[in-house]
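Participant: Sending over a structure as structure tokens; questions will come in a sec.
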Amino acid sequence: MGTIFFELALTLYFAGFLLSLAGIVRKKDDLDEAVFLLSVGGLALHTVYLAVRYIKSGQAPVFSMHEATSFFAWSILLISLCIRFSYKARVLNFGVILSFAFMFVSAFFPRSIPSVKPELKSLLIDFHALMAVFGIALFSIAFIFSVLYLIQERAIKYKKFGGIDRILPSLEILDRINYRLVFWGFPIYTFALVIGMIKYVSLLGFRFDPKEIWSFLIWIVYLTIFYLRVKGDWRKKKAAYLTIVGFLLVIFGFFGINLLTESFHKPL
Amino acid sequence: MSLIVLGLNHKTAPVEIREKLAFNTQETIREGLKRLIQTEGINEAVIFSTCNRVEVYAYSNEENESIIEKIKHFLSDFHNIPIKDFEEYLYIYIDRDAVSHLFKVASSLDSMIVGEPQITGQVKDSYEIALSERATSLILNHLMNRALFTAKRVRNETRIGENPVSVSYAAVGLIKKVFDELSKKFILLVGAGEMAELAIRHLIGSGIKNVYVTNRTYARAEELAREFSGTAVPFENLKEHIARSDIIICSTGAPNYVITEQMIKEVMLLRKHKPLFLIDISVPRNIDPACNELDNVYLYNIDDLQDVVDSNILERKKEADKALSIIEEETEKFFQWLNSLQSVPVIVSIRNKAEQVRQEELEKFKARFKELSPEVLASVDYLTQSIINKIMHSPTVALKNNCDSKEILIFAARRLFGLDSEEE
């Protein structure tokens with residue numbers, strides 16, 4: 001269903017991935033404009049793919065592993081482009097690489113439309129799933145900026161320059177972007193969790209599956225980051241480390257819990 | 001016909017000589033160009049004069065030696081200085097060397113600080129003056145445009161101008177790696193060393209507005225603060241002011257640590273761990289090196305800054321090698337173009353001659369076969385034309401191509417097609 005758009009988007013992402021990698025290896029940002037154009041083109045085609053799927057199936061394109069991973073890749077790229085516009089920071093390359101990686105993984109999962117139980121076909125469930133994936137996409141980009149922050153910080157602290165610090169923005173910008181991502185990601189993720197919880201309890205009562213417990217753990221970690229950052233006690237380096245821990249939980253939740261455990265949330 | 005550059009620069013001549021030969025204003029350059037162009041044998045000219053170099057570029061159709069003498073006389077007369085006073089400092093490049101030299105100058109490979117960006121603009125300005133004085137024409141116009149293009153290529157394809165190579169600029173570069181909007185940051189100058197002053201000047205140029213100055217002698221602090229439109233603060237409240245500032249530049253004559261690790265530890269608590277950038281330019285050092293171990297504190301002393309500068313210089317040298325191969329390539333292209341100019345008149349003459357022969361023979365043919373229909377005549381016309389084109393193809397390509405024996409080839413072509421006898 002609209003698979004051609006998926007293939008085309010994947011091709012553009014791949015080209016963007018190669019150029020991004022070249023830019024990082026060469027430590028120059030002269031390919032950034034081409035990366036930007038490929039990303040915008042890829043994202044447009046990807047959006048059409050998701051929209052076609054949504055319209056034809058009547059359910060949010062996030063219920064199978066293929067759909068969830070592909071929507072995750074889409075979210076990552078959208079967020080990366082927003083950062084490029086808002087902060088004029090030339091760090092799109094890193095987002096494109098992550099986005100392509102997930103898009104590539106999504107291509108290996110079955111692409112058939114998953115059949116969702118009739119009681120789960122509701123706008124609220126769609127919202128829950130889309131927002132949860134978008135929220136963890138925000139956390140994932142925050143992870144990237146945390147790693148970049150630590151790289152840049154190390155270069156400055158130990159006076160060893162000439163690596164990718166050359167193409168990175170200032171520590172202040174990296175930290176600010178990281179902060180913003182958590183600032184937006186946390187409420188979105190919380191909202192998704194709350195909607196999911198309400199719907200779940202109304203359907204199945206109070207018994208929780210591994211995915212929910214894991215999601216709650218992730219929520220606790222980001223609540224801590226959110227609280228400490230907003231309060232202003234934890235900044236910079238410590239916040240970066242905690243964001244990395246959060247991301248590892250997110251990724252395990254996304255792939256590990258989804259694929260390894262039997263749960264109500266197991267992708268179709 | 002040859003291209004000549006005659007000049008002197010910071011490597012070949014002392015400043016007293018450079019000063020005497022400099023064309024300090026646009027008007028003097030214009031005046032100089034007018035005189036040069038009126039000199040017999042000089043077809044086109046450009047004068048390039050900066051604080052580090054004075055160069056005259058000329059395109060001439062006379063013997064090189066005579067033109068070189070004429071340019072020397074021009075410089076001597078114009079500046080009222082005997083030739084013998086500056087002759088030994090001059091360098092002279094001809095043809096390929098002259099082109100390559102200009103490309104190096106424009107790309108800032110010949111500058112005192114390799115990779116400094118201003119020079120390309122200065123070359124452009126000199127060219128524009130020459131253009132407005134109509135001192136350049138086909139050859140130097142093309143040469144100057146290629147020089148600017150080459151400089152652009154060097155800038156885009158290498159990292160020659162990327163990293164700062166002076167200590168105070170290196171400090172500004174490092175500060176920009178930590179902070180984003182410098183205009184919102186506070187800077188505290190502790191002490192009043194010369195290098196610190198220079199660093200502050202560069203920082204103010206980069207957007208820093210809020211400057212505090214402190215010194216053991218308060219009057220001196222006030223004096224400096226006035227100079228930077230900043231605020232003088234008492235030395236006794238040092239810790240308090242460090243807590244308020246984001247960047248500290250320390251340059252006092254004290255023999256011990258003025259800023260200690262304990263002081264910064266306390267300050268960081270007050271600052272809620274907001275990053276703090278410390279630059280210690282004093283010798284002996286005035287900031288305890290242990291401060292760098294603290295989270296969100298970045299300390300650079302004069303040796304660290306010098307290391308950054310040294311590695312940047314090394315980087316620029318590596319990039320200069322890449323730039324040289326670009327210059328080599330562009331010089332080659334320029335000479336291909338120049339050589340193609342020499343063969344164009346010969347190719348045109350041969351083609352004209354062939355066309356003339358064809359027309360004559362065609363007329364004879366038409367007179368002899370009057371009964372032939374216009375269609376047949378048109379076919380014959382087409383046939384003769386294509387025979388000539390086919391025959392002319394190889395000689396044209398051979399003449400256009402750049403090769404060592406080009407001049408012999410042009411000579412041979414003129415003889416083979418009898419062009420000289422006709423012209424005579």
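Glycine too: its Cβ is placed from the backbone N, Cα and C atoms.
Feature table excerpt (TrEMBL):
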ACT_SITE  B:C51  active site, nucleophile
BINDING   B:T50, B:C51, B:N52, B:R53, B:S111, B:E116, B:P117, B:Q118, B:Q122  substrate binding site
BINDING   B:G191, B:A192, B:G193, B:E194, B:M195, B:A196  NADP(+) binding site
DOMAIN    B:6-158  domain 'Glutamyl-tRNA reductase N-terminal'
DOMAIN    B:174-308  domain 'Quinate/shikimate 5-dehydrogenase/glutamyl-tRNA reductase'
DOMAIN    B:322-419  domain 'Tetrapyrrole biosynthesis glutamyl-tRNA reductase dimerisation'
SITE      B:H101  site 'Important for activity'
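Would you situate these features in the structure and describe their surroundings?
Facilitator: All protein chains shown were included, and the count of other CB atoms within 10 Å of the CB of B:C51 (active site, nucleophile) stands at 13. According to DSSP, B:C51 (active site, nucleophile) is assigned to coil rather than to any helix or strand.
B:A196 (NADP(+) binding site) falls within a helix when secondary structure is assigned with DSSP.
Note on the domain 'Quinate/shikimate 5-dehydrogenase/glutamyl-tRNA reductase' (B:174-308): its mean pLDDT in the predicted model is 88.
Residue counts for the domain 'Tetrapyrrole biosynthesis glutamyl-tRNA reductase dimerisation' (B:322-419) under DSSP, helix first, then strand, then coil, are 86 helix, 0 strand, 12 coil.
Within 10 Å of the C-beta of B:H101 (site 'Important for activity') we count 24 further C-beta atoms, all protein chains included.
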Participant: Near the Cβ of B:P117 (substrate binding site), how many other Cβ atoms are there if near means within 10 Å?
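Facilitator: Excluding its own Cβ, B:P117 (substrate binding site) sees 13 Cβ atoms within 10 Å.
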Participant: Using C-alpha positions only, work out which of the recorded positions B:H101, B:A192, B:G193, B:E194 is nearest to B:Q122 (substrate binding site).
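Facilitator: So, spelling it out, the nearest of the recorded positions is B:H101.
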Participant: Within 10 Å of the Cβ of B:M195 (NADP(+) binding site), how many other Cβ atoms can be counted across all chains shown?
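Facilitator: Around B:M195 (NADP(+) binding site), other Cβ atoms within 10 Å: 18.
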